[in-house]
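Before any comments, here is the structure.
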Amino acid sequence: MKVAVAGCCHGALDKMYETLELLQRRHNVRPDLLLCCGDFQAVRNEADLRCMAVPAKYRHMQTFYRYYSGEKKAPVLTVFIGGNHEASNHLQELPYGGWVAPNIYYLGYAGVVRFRGVRIGGISGIFKSHDYRKGHFECPPYNQQTIRSAYHVRNIEVFKLKQLKHPMDIFMSHDWPQSIYHYGNKKQLLKMKSFFRQEVESNTLGSPAASELLQHLKPNYWFSAHLHVKFAAFMQHETKSKEELPKATKFLALDKCLPHRDFLQIIDIEHDPTAGDSLEYDAEWIAVLKATNSLINVTQSSWSVPENNGLHAKWDYSATEEAIKEVLEELNHNLKIPCNFTLTTTCYDPSKPQKNMEPVHTINPQTTEFCAQFGLTDINDRIQQVKEEGSVRGEYEEEEEEMDSSGSAEEPSEYNTDNSGLSSINPDEIMLDDEGGDEDLSTCSVDPSPDHPPEFSASFSDIRIMPDSMAVSSDDAMDSTNEELEKSGVNKQVEEKSLNERPLKRVGGSENGNSGIKIKRRNQAIYAAEDEDEAK
């Protein structure tokens, strides 16, 4: 089946789907599934905007609210993970995943689903060592610290994913797995993003937690975004025994949805032709959720991963065949995810703006139903209970006084440093087109009006469609990468032909003749190697 993979969407759903429509018009190719690798920005109203960790002047409603209200429907099944620029209050309603709009599914803090027999997993957020061992304690209304820590990856999600034993076809993370850049065209990467050099050379760029998952899960494909550059790599995994078959992962990171950027890729994935067209639960993942339910932590207290070190009575929470069979029996062998989307808040109305709308902590009926179905704890309900007891608020106020400018109190971590990439702690960081050169800073972006869609022929360039074997090297890929591709049976001639085609890019254009976004960061050089939360 054909799968479209997108980088950072930043709320530009109309433009994303318009691009897919163009793909069908020009090449008669219609993707069966769209995967989005974070910074999706499922913003429903003004309150959601206030829960997004971007400077206030860059909070734009974009177009998701039209899909939430039912005014529009996603033309293709869309599955996404969260990034570091999200309406955190909205996604927090669905810790185990769920529908954010008809035909648009969020994987949750971490999740695994199946579509046409293809197993798809993902983990939301970005890695920050100082929050990694904490529980999910945050809830709206957020402050300057929790609006950021809310999207930081927690070790409990990584632990759950590491209990999986069955093969993974596709996995998504927002930030890159640490060290993945050593398996692709590093020279070309540093040519495009020279300010990555220090962290690449010190091997500190990316997420160590994602790297840990990559080594454990060994998926066929791994897709990421976040660093706003297209990059491909091919990683051959080590085998632990002679009997174990060698595995390899094709990694692809994509850019953000902007003119002249490589933000979308089409690939062919082998699937089960007898499987239905519905999104399905993964029985092993549900069994792992049930097994680890007692480990839930909704406080700021550090949680240590159970290990076989004599300190834990139990350390293996993987799903037995009996547990998986039990899940199947509970569902009567019908794994189809119910289409039970419901509105949980008012939707943005351009004619009646509510600029002072405050976010509230909401219990989503989808999560309630999911937890009741499988005997799980609703994390948000637990947070509400603790809040009512007064313990969370008291602990939080004490902790708040100790917090430093990094956004969280420092605590020991499994990892020594914050290895999440290049960015800025500057509160005025510009997250739009950060590589516009010396452009006129007065230039601003004008999104095409939804009521007046642009002419596709004038607004988009040629579209690149990947061959059956996904090309994993860039235009001047390293010889070593090409050698690995040959060893893995990839048709090099087909790949080279595809690589010479123009990649899929959205070209700016509007009725008034303005070009696409060309906004440059103030003091860009100063921001090149700071904290990551605001940069991507």
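Using the three backbone atoms N, Cα and C, a Cβ is placed for every residue, glycine included.
Which of 124-154, 341-371 counts as region 'Lariat recognition loop' depends on Swiss-Prot, and there it is 124-154.
Among H228, H237, H260, the residue that Swiss-Prot places alongside C8, H10 at the divalent metal cation 1 binding site is H228. According to Swiss-Prot, D39, N84, H226 bind divalent metal cation 2; the candidate from H60, H174, H182, H271 that the record adds to this site is H174. Per-residue pLDDT, averaged along the region 'Lariat recognition loop' (124-154), amounts to 97 for this model.
Here the Cβ of H226 (divalent metal cation 2 binding site) has 29 other Cβ atoms within 10 Å, regardless of which shown protein chain they belong to. It is 8 Å from the Cα atom of H174 (divalent metal cation 2 binding site) to that of C8 (divalent metal cation 1 binding site).
Remark: secondary structure over the region 'Lariat recognition loop' (124-154) totals 4 helix, 2 strand, 25 coil, with classes taken from DSSP. On the backbone, the CA of D39 (divalent metal cation 2 binding site) and the CA of H228 (divalent metal cation 1 binding site) stand 11 Å apart.
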